[in-house]
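Now, the feature entries from Swiss-Prot:
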REGION    1-24  region 'Disordered'
DOMAIN    23-58  domain 'EF-hand 1'
BINDING   ASP36, ASP38, ASP40, ARG42, GLU47  Ca(2+) 1 binding site
DOMAIN    63-98  domain 'EF-hand 2'
BINDING   ASP76, ASP78, ASP80, GLU87  Ca(2+) 2 binding site
DOMAIN    100-135  domain 'EF-hand 3'
BINDING   ASP149, ASP151, ASP153, CYS155, GLU160  Ca(2+) 4 binding site
Amino acid sequence: MSNTTEKKMPQQQQVERPTALAPADAEIERVFTRFDADGDGRISPSELAAVTRAIAPPPSESAGGREVAAMMNELDTDRDGFVDLGEFAAFHGRGRGDAEHEAELRAAFDVYDVDGDGRITAAELGKVLGRIGEGCSAEECERMIASVDVDGDGCVGFEEFKKMMCRDAAATGGADKAKTE
């Protein structure tokens, strides 16, 4: 039995959408659910804006609006004004070039590195998770940091963060394809 259903569109534009994610993609579904504040199964521009403001407030309202519009343009492939789970999962599964992937990882790292010192502490992790509604105790944050802290300094540097993100992407099937050169 197929894991997809066909969305009714004009013949040359028919697109298959996943009806359910594979168990390995449960993390993507969990993140999608956090973005989908009203639980209607799709992310609206206002929901996307709320999450981006919580993670990293823009320098100005107009800059934030442009950023959300650019993200919606990339994510909303069927142009219905919303991002559904299939579009969200497809975006996270797209292959990226090494330089682009490195830049995305650096940007993600910088969100958590609140003081900009090149290290993520348990306190910084707790602050960012709190902003997005993922309340964690100090002990939970310390455990998360310790699970990634290879050099034992009590913090997560960029290289440790990058290894953790690549490991997690591989575990969920979202890793970039290995180079064959």
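Sequential numbering from 1, following the chain as shown.
Cβ atoms here come from the backbone N, Cα and C positions, even for glycine.
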The domain 'EF-hand 3' (100-135) - residue tally per DSSP class, helix then strand then coil:
23 helix, 2 strand, 11 coil
Rank the binding-site residues ASP40, ASP78 by the number of other Cβ atoms within 10 Å of each Cβ, and give the residue at the low end.
ASP40
Please work out the number of neighbouring Cβ atoms within 10 Å of the Cβ of ASP80 (Ca(2+) 2 binding site), leaving out its own Cβ.
10
Given the recorded Ca(2+) 4 site (ASP149, ASP151, ASP153, CYS155, GLU160), which additional residues of the same chain have their Cβ within 8 Å of the Cβ centre, ordered by sequence?
ARG119, ILE145, VAL148, VAL150, GLY152, GLY154, VAL156, GLY157
So if I measure Cβ to Cβ from ASP153 (Ca(2+) 4 binding site) and keep only same-chain residues at least 6 apart in sequence, which ones fall under 8 Å?
ARG119
Restricting the comparison to the binding-site residues ASP40, ARG42, ASP76, ASP80, GLU87, which residue's C-alpha is spatially nearest the C-alpha of GLU160 (Ca(2+) 4 binding site)?
GLU87
Suppose you look only at the domain 'EF-hand 2' (63-98); what would the mean pLDDT be?
79
Find the one among the binding-site residues ASP38, ARG42, GLU47, ASP151 whose C-alpha lies closest to that of ASP78 (Ca(2+) 2 binding site).
ARG42
Reduced to three states, what secondary structure does DSSP give GLU47 (Ca(2+) 1 binding site)?
helix
Cα-Cα, whole number of Å: ASP40 (Ca(2+) 1 binding site) versus ASP149 (Ca(2+) 4 binding site)?
38
Nearest to GLU87 (Ca(2+) 2 binding site) by Cα distance: which of the binding-site residues ASP36, ARG42, GLU47 is it?
ARG42
